[in-house]
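Contents: one structure, followed by commentary.
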């Protein structure tokens, strides 16, 4: 009888361990960790964009070009064609899913341009020695994971209203092209700041222990 009990108990343990292994084969990542990773990635990309913009300005742009560019629209930022929240109050009025969709759309609008820009710069510029495209893809995946978590597996990004940054001259031998790329880098920096802000707002709203000084 004891032998039978031991055999049955042993079989039960094996089955329980098997079930635990099956359930834990693909463990879910806590929502806090998903937000923390996304915020960290967005912060890095925004810092990279700001450093690249500053280095490019210092290397290629004259004082006259810099001042004239600030007062003109050499390159129209794609994000200006969509009513993204641009201030603190408007951002807080949007739901987490809306902010995630905005963020995903912004990230996806830059996947092609950064590949073209990456081929232009020499290694003394931040872009030339970075893996910005890969980091954008990682952030895209992180945002999609958050959307899946909040939407129970179904999500759709906003359709592009027009092809973003499809046609721009990256021949740096031309002064006009230099200024256009300068404008693009300015747009990239602004858009990555938006993404970072949106993610921080979402994390702040959901987790009390997060830094909420936004």
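Keep in mind that glycine also has a Cβ here, set from the backbone N, Cα and C atoms.
The following features are taken from Swiss-Prot:
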DISULFID  77-187  disulfide bond
DISULFID  204-212  disulfide bond
SIGNAL    1-25  signal peptide
Between residue 187 (disulfide bond) and residue 204 (disulfide bond): CA-CA distance (Å): 26
Collapsed DSSP category at residue 77 (disulfide bond): coil
Count of other CB atoms lying within 10 Å of the CB belonging to residue 187 (disulfide bond): 22
Cβ-Cβ neighbours of residue 204 (disulfide bond) (radius 10 Å): 18
